[in-house]
Structure formats: C-alpha cells, structure tokens
Amino acid sequence: MKCETNEHLEELVAQVRSLTKHGKVADYIPALGKVNGEDLSIALYDIKKECLYAGDYQKKFTLQSISKVLSLALVLMERGKDYVFEKVGMEPTGDPFNSISKLETSIPSKPLNPMINAGALAVTNMIPGYDLEDKWDKLIIFVQKLASDAEVDYDKEVAQSEYETAHLNRALCYFMKQHGIIEGDIEELMELYTRQCSIEMNCFDLARIGAVFALNGQDPDTGETIIPKDIARICKTFMVTCGMYDASGEFAMKVGIPAKSGVSGGIMAVVPEKYGIGIFGPALDEKGNSIAGLKLLQSLANEYDFSIF
Ligand code: GLN
C-alpha cells in the first residue's frame with residue numbers, strides 16, 4: 001500500500017486553512033476545547049490501494065458523531081434491520097443533533113434517525129453483550145477491523161469529560177427509557193456511548209474506514225466482507241440524508257456524497273467505488289461541521305465531479 005503526502009492536497013489545505021479562523025472549536029465537552037483550532041488535515045484512500053494525505057495528518061482526534069455510523073453498522077449486523085428500525089426511524093429531522101423536541105411529538109414515538117443523539121443512544125443501547133466491557137470489546141474490535149489498525153482505542157480524558165457533562169444526553173436516555181425504546185442501566189449506557197464517541201484515530205484511519213464503505217462493506221486490502229452490502233448501503237443512505245446534521249441538504253447540493261461529521265471536527269466521506277476520505281479540522285461552523293473541512297470537500301467535489309446525483 002503506497003502512502004504519501006500529496007502536493008495538490010497540500011495546496012488545497014493551504015488555500016482553505018485561513019477559514020479555520022472563522023470557525024469555533026466545540027467546548028461543550030470541556031476536553032474538546034483544548035485542541036488547536038487551526039489544525040487541518042485530509043487523507044484520501046483510493047480503493048486502488050494508494051493513500052494520499054496532507055496537512056497535520058498525524059494528529060489524532062475523537063470520532064464523536066462519526067462513530068454513530070459505525071455503531072449502527074454493528075448493531076444492524078448483530079440484531080437485524082427489523083429489530084433496529086422498530087426502535088429508531090429513518091427520517092431526517094432538520095433539527096440540531098442534540099435536539100430533544102421531536103422525541104415527544106414524532107409518530108410513532110421513537111427517535112427520528114440514528115444520526116441524531118437520541119437515535120444514536122438507542123443504537124448504542126442495542127450493542128449486544130453481557131456487560132459494559134463485553135459490549136465495548138465488540139465495538140472497538142469492529143472499529144479496529146474497519147480501520148485495519150489494532151491500536152485504535154478511545155481517549156479517556158475526552159470520554160470522562162463528556163460523561164461528566166452529558167446532562168442533555170442523559171435526559172434523552174431517561175425519556176426513551178420511559179417510552180420503552182431503551183432498556184437497562186442509563187449510567188452504563190452513558191459510559192459506553194461516551195467511550196464510543198471518544199474513539200480516536202488520525203485522518204488516514206478514518207479514510208480507510210471510508211474506503212470500506214466505498215467498497216460496499218469490503219476490506220480494501222483483503223476483499224473480505226466486513227459489513228454486508230445491504231447494511232453498508234443503509235449507512236451510506238443515512239450519511240446522505242442526515243450525516244451533516246441540519247446542513248445535510250446543502251451538503252448534498254454542494255458536494256453530493258455520503259459523509260458524516262462530528263463535533264471534534266472530523267468528517268468521514270465516501271466516494272462510492274473510488275475513495276474513502278478522512279478530514280480533521282476542529283474549527284466548526286454554526287451547525288457544528290468543520291468549516292475548512294467542508295470547503296476542502298467542496299473543492300475536491302467540484303474538481304473531480306464527486307457528486308453521486
Ligand atoms: N459525543 C457528542 C454528543 O453526544 C457527539 C455529538 C456530535 O459529534 N455531533 O454530544
């Protein structure tokens with residue numbers, strides 16, 4: 001596998017880096033606020049087994065909401081579609097990712113999709129296992145396999161920081177427990193969810209995971225099926241309809257590929273049958289997406305005609 005820095009990507013990064021000044025690092029999870037807002041990196045994993053990268057590509061970051069796609073894939077594989085979609089819907093909300101408002105009014109009464117916090121918490125609650133550590137092992141081993149990196153782990157400081165401050169997510173959990181959508185101990189779920197969100201890697205690992213989705217669930221190195229095709233398709237469809245929060249419509253217009261962002265400033269994007277893309281740019285716009293990361297994707301999409309539409 002050839003992996004190298006790429007001049008053209010370096011130019012693009014240099015062009016958009018100044019945008020980071022117009023964004024803001026997320027600090028509602030206190031430990032996330034410590035990063036350098038001017039960081040920016042991109043890796044592009046060509047399924048023909050070449051990986052190009054640029055910027056601060058060695059920097060690690062936590063996946064945050066990007067992890068929601070991975071937990072969804074795992075739970076769909078372990079539990080099946082009928083079980084999962086009985087408890088979580090398939091519709092975009094147009095609301096911020098942590099919104100509580102539609103939980104009460106939607107019919108039937110369940111989170112609208114697995115990419116908002118309510119839906120993701122319900123999904124994490126479905127990870128099978130006899131205790132927290134057993135569930136965690138299932139998830140992290142799956143993520144290590146997707147990244148082809150057995151070293152992938154979680155950032156304990158970020159996990160602890162979110163665990164201590166996640167009052168709104170706790171509220172979402174209690175509401176859903178009342179309505180029979182989630183079950184079991186909420187504190188255990190919060191620990192599993194905050195570890196999940198704090199899984200850390202660099203943009204290369206993330207691009208590699210994107211490449212698995214680009215290949216409909218196949219390992220780009222071995223050809224092994226890591227995620228069945230129908231489940232990879234479901235994940236990519238959610239990425240298109242809900243992956244960039246309440247900016248998903250505009251992103252579909254301007255870039256037009258499945259992508260998922262996280263408040264750490266990560267973005268995983270997928271150009272079907274071609275590339276997996278991993279981006280890290282922690283300065284966010286007002287909707288919580290990496291401000292320079294979006295611009296990078298838009299430039300690449302224009303130049304190489306990425307849009308699937
Ligand atoms: N861990 C974060 C939360 O639940 C993830 C949110 C995000 O990345 N949008 O608030």
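Numbers run from 1 along the shown chain.
Backbone N, Cα and C atoms are what each Cβ position is placed from, and that goes for glycine too.
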Among Ser65, Ser299, Ser307, the candidate listed by TrEMBL alongside Asn117, Glu162, Asn169, Tyr193, Tyr245, Val263 for substrate is Ser65
Expected list for ligand 1 (Cβ under 6 angstroms, binding-site residues Ser65, Asn117, Tyr193, Val263) reads Ser65, Asn117, Val263
Mind computing the max CA-CA distance among Ser65, Asn117, Glu162, Asn169, Tyr193, Tyr245, Val263, which the record assigns to substrate binding, rounded to whole Å? 20
For Val263 (substrate binding site), which of the three DSSP-derived states applies: helix, strand, or coil? coil
Let me know how many other Cβ atoms fall within 10 Å of the Cβ of Asn117 (substrate binding site). 22
Protein Cβ atoms within 10 Å of Ser65 (substrate binding site), excluding its own: 23
